[in-house]
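Participant: One structure, pasted below without further comment.
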Amino acid sequence: MSSETPKDQWGERLPRRLGAFSAIAVLVGSTIGSGIFRSPAVVAQDIDTLAPFVLAWVLGGLVALAGALTFAELGGMFPRTGGIYVYVREAFGELPAFLFGWAELVILRPAAYGAIAVTSAEYTWRVLGHDAGRALWVVIPPGTEPDSGLVISLAQGLAALFIIVVGIVNFRGIRLGAIIQNVSTALKVAAILGLVGLGLALVPDALPPITELPTRPDRAPEPGTLGAFGLAMVAVLWAYDGWSDVGFVGGEIKDPARNIPRAFIGGTALVVGLYLLIDMVYLRVVPLDQMPGRPLIAADVAEALIGPIGAVLVAGAVAISTFGTLNGSMMTGPRVFFAMAEDDLFFRSLARVHPKHGTPGGAILLSIVLGVVFVSFQGFAELADQFVIGIWPFYALSVAAVLVLRRRQPELERPYRTWGYPWVPLAFLLAAMYLLGNYAIRETGKFALDIGIVLSGVPVFWLWRRRRAKKGHAR
């Protein structure tokens, strides 16, 4: 592999091979994954009445749109590989940008890979007629009781295999990854529209009631309260997450001044519309008080509409959908490590571009290892919460970057200017403050752990700065 690939006019070494459709498919395909097929059950644990449940999904969509409108300006200004890393670096400097990359390394990207891959694996096992929770492998450390060992389930084992497969695909070239992304995105949109059509046209059969609903944590606020609504929004925003991902491959998009803003705005608007439609169908078929007991709700709804074959078909569609989302996440995530290495803030080997495939091969291999490790130790809910709370401080910084750069560098070329400026960015920042503040109050221990892990990157940053200075590469 060689790191001497020539740079283009934006200072980018990776080849620009993604057109407008592929850019939109990256965003839509990265967003529509495990969340919309699982999060309604999680949301219903905290919201037990109809109006607030619907409001949560509407507000989540508006927040995602506000973020996309703002990121569209940043993406047009900085069509570089790295997305949020680049936006934060340009506005606030290297330390907060490095902390984002550090968070991606130790929390965000592995948690995302794990949550998405586990969902894809669970639906795959449902299609095959097997219990995804059955033990595949049990590791019992010496000197411990047999029931205290680490249990790797069938779902976790298959999820690890999926991570390896999409990693190999993306290692071999972004064109191959883009083909999978385009096809899987088209299939998942068609599946959602098909389920929506069936749900609005047919009278569903009654689903058998669930008598043993999931228990809520002792410290959880009562359903229907403002605190409970805030916790539910974590699951909603997990479902909407992905609206920022196209920025990570900004350095590989053709005609970026036009295509990046279009992908951010058009792709996010499409996702919001699809989510609100499918939530209508869920509510038509499944009583809200029964949702918490149906983690694979899409398959249950299809079974109520057209019988057991519907459950199998939808389970297969969801498995493909989430596999496509995993592919999109593997396509975008390693670009952050590549961008950090370009700045000499990470191992230089990760900045090498494969001479044949034109991909950041080392960064992709690192992502595979991290994903497999995380998926082996945690379940869906823990992974999703870790991701949302870890990423949102950096979403807030990126949106604030638009405000900062408008004042500090008004002369910079902006192919697109945020609609509704400054109110749209400010509304997003208020939503971020509410989300993070509420989670910090309600889940203090988890919040402190996540923030502590992010801040542990501060001494690592200074070590890398010192190492870079010794090599004579100080910026």
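Note: Cβ is positioned from N, Cα and C throughout, glycine not excepted.
A quick note: this is a predicted structure, and the numbers were derived from the prediction, not measured.
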Participant: From 86-104, 447-465, which range did TrEMBL mark with transmembrane segment?
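Facilitator: Feature transmembrane segment in TrEMBL: residues 447-465.
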Participant: So are the transmembrane segment (263-285) and the transmembrane segment (49-72) touching or not, going by 3+ C-beta pairs under 8 A with a sequence gap of 6 or more?
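Facilitator: Taking Cβ pairs at least 6 residues apart, the transmembrane segment (49-72) and the transmembrane segment (263-285) are in contact, with 3 or more under 8 Å.
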Participant: Sequence-remote contacts (6 or more beyond its ends) of the transmembrane segment (387-406), Cβ cut-off under 8 Å?
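Facilitator: Counting only partners 6 or more residues beyond its ends, the transmembrane segment (387-406) has Cβ contacts under 8 Å with 67, 70-71, 73-74, 77, 84, 87-88, 90-92, 96, 99-100, 103, 107-108, 111-112, 115, 234, 237-238, 241, 244, 412, 418, 421-422, 425, 428-429, 432-433, 435-436, 439, 446-447, 450-451, 453-454.
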Participant: For the transmembrane segment (183-203), which stretch among 20-37, 150-171, 305-326 has the most Cβ pairs under 8 A?
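Facilitator: If we count Cβ pairs closer than 8 Å to the transmembrane segment (183-203), 305-326 scores highest.
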